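If you look up TrEMBL, you'll see B:Arg112, B:Lys152, B:Gly157, B:Tyr158, B:Asp159, B:Gly160, B:Lys161, B:Gly162, B:Gln163, B:Glu195, B:His218, B:Asn272, B:Glu273 marked as ATP binding site. What TrEMBL records for B:116-302 is domain 'ATP-grasp'.
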Protein chains: 2
Amino acid sequence: MTASPALPLPPGSTLGILGGGQLGRMLAQAASRLGFDVVILDPEENSPAGRVAARQIVGAYDDRWALKRLAEACHVVTYEFENVPADTVAELTALGCEVAPGAAALAAAQDRVVEKTFLAEIGVPTVAFAPVDDEESLLAAVARIGAPSLLKTRREGYDGKGQAWIQRPADAVAAFEKIGRQPAILEAPADFGRELSVIAARGRNGEIVCYPLSDNHHEGGVLRRTIAPAKAAPAERDQAEAIAAKILTALDYVGVIGVELFELAGGKLLVNEFAPRVHNTGHWTQDGCEVDQFEQHIRAVAGWPLGPTAALARVEMTNLLGPEVDAWKKLAAEPETRIHLYGKGEARPGRKMGHVNRLRPLEG
Amino acid sequence: MTASPALPLPPGSTLGILGGGQLGRMLAQAASRLGFDVVILDPEENSPAGRVAARQIVGAYDDRWALKRLAEACHVVTYEFENVPADTVAELTALGCEVAPGAAALAAAQDRVVEKTFLAEIGVPTVAFAPVDDEESLLAAVARIGAPSLLKTRREGYDGKGQAWIQRPADAVAAFEKIGRQPAILEAPADFGRELSVIAARGRNGEIVCYPLSDNHHEGGVLRRTIAPAKAAPAERDQAEAIAAKILTALDYVGVIGVELFELAGGKLLVNEFAPRVHNTGHWTQDGCEVDQFEQHIRAVAGWPLGPTAALARVEMTNLLGPEVDAWKKLAAEPETRIHLYGKGEARPGRKMGHVNRLRPLEG
């Protein structure tokens, strides 16, 4: 609506969200609690987020007419997924609408080679990696990284998709074949004990806050369960917070970020990847913290001061995948279980339909 | 949609809410967290609740066409205000749509004489009262109740409106004049120390839960501040819970109720009035309890098991009236303050624009 919206955005302002899935839905709910109106842009009519927002614009993310309508309606735009096209951000920016987190964060998060190169440049440790563009660079990468190693497409791909293991050097071309000979990254395996994550936020004024660490359990490449606060030594929490702060500062970031970590023997942390958005491993904050990651993100993009991040309870968050959501009746009867459902119609196998947070008192 | 909806209502079902103000808004937010779709009926377009719901039907509460559309869309209908016309409930019921809480609760809550007569019949103490229909019954009432006493319209009137004090018997006719010679009730003053309230809920299966007591402070007849859990002896909490249980059971009630209490010297409680809905003195539960009054109400009307009601923190809830909402920037910077804004446009003096919950640890 204006080239530089007056910040902090007053209640009554309108926030745009690119993406109408569950993250957009929970962001919209948080924004409305703070008195904001929300407009969702999503190609699918009647999206989960659209049904809790003031309005949904139905359109593709590169639909210039839809973007024009969004920019006219909104003071600031954010998003629920990291694959927002760079052109979309450029278009919205040209229309005078600010997008947060910004283009630098998206560029780094959308390409695994750019991401790991960026992390290396700012001194954040990752596994060893090498870019793969063709068979020649593939063989050079395998020679350098060794095997077993993991070949991933540079772009897209999540929840274990677009990946192939190279068990022996001789498997390299078959693995490249399997991921469709797309531009890729070859990564050394991390010899990790646990997968942790840190959900952090950076405000417009550069202030940074971090939630306690999450201890994450995946099955078949999909997050199944998070326990938070994770048991971790203070030095390990400091390490994670320093990593998050480096990333956020280097990207001049505004909003919540989810940083996935590998914990090596001895407590050293490597960054697996980061997502420039609210994160599934931060859903525990909805019932475990005074200000959850969704409100925190809205506060940041709206230029409000950030809120407290201390844990009030120990939470076990479990995703409800596909038909698991049919257990709602049993879950509703558990006194320690808080239910969050996304309003999705069809419970296809593996689809994230909701999650539950089971609460226990914090141990002393 | 059907004469007897299958209960418990599964996620994905649609709930109707009569009234699009802040209570409807917070009910809609709670319903959407549990995976329900919400349709709001409100005469005012673009209402606070309509902007966080899947849909709003714009129409009067007695508009038969609007009610038909609501009944077609919804499995169960609830409401945010106690002055729902009896004909509206009858019409929705005739259309095969269940309304909860039911007609008995509304009838009792809409007429102060019916309400107090009902309470007396079930053995719940109130101040002495007498009905006033004309000057003759007015003088008889004053002769019985004495003065000072408080003359209130039987219907409507809230936040101190529709009331006049009779300081001396000679003032009686002037007071009757002041409230427009409407059918009225004359009430003896309660010599109370504190105004407390109990927020309770009754499920479809008759189970009853109560939140800890609220200690309420009014200014100019409008709720200004609630502190909860109120400091109270266990026997006093038992007394309040027994009162709530009697009311809920006698009305075969489904949903959340707010029961306003006067605390006399020695701890005896009188009922001032009850509201068959979520209640301003229960807003503290949003940040002080695992399941707040809004989710509790949705659980009850949807036939779900009720949730826990224990307090996790001591909360001071303060209403933001009219231009007080302009302090949002200062409030947003207070770490102990959770902000809830209603998305209302014009901050007219006295209008409820939002509230804040300030959290402190529970004392041991």
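The chain as shown is numbered from 1 upward.
Including glycine, each Cβ sits where the backbone N, Cα and C put it.
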Neighbour tally for B:Lys161 (ATP binding site), based on other Cβ positions within 10 Å of its Cβ: 12
Packing count at B:His218 (ATP binding site) (other Cβ atoms within 10 Å of its Cβ): 12
Confidence summary (mean pLDDT) of the domain 'ATP-grasp' (B:116-302): 96
Around the Cβ of B:Arg112 (ATP binding site), the count of other Cβ atoms that are within 10 Å: 22
In the chain carrying B:Glu273 (ATP binding site), residues 6 or more apart in sequence that have Cβ under 8 angstroms from it: B:Ala109, B:Arg112, B:Glu115, B:Glu260
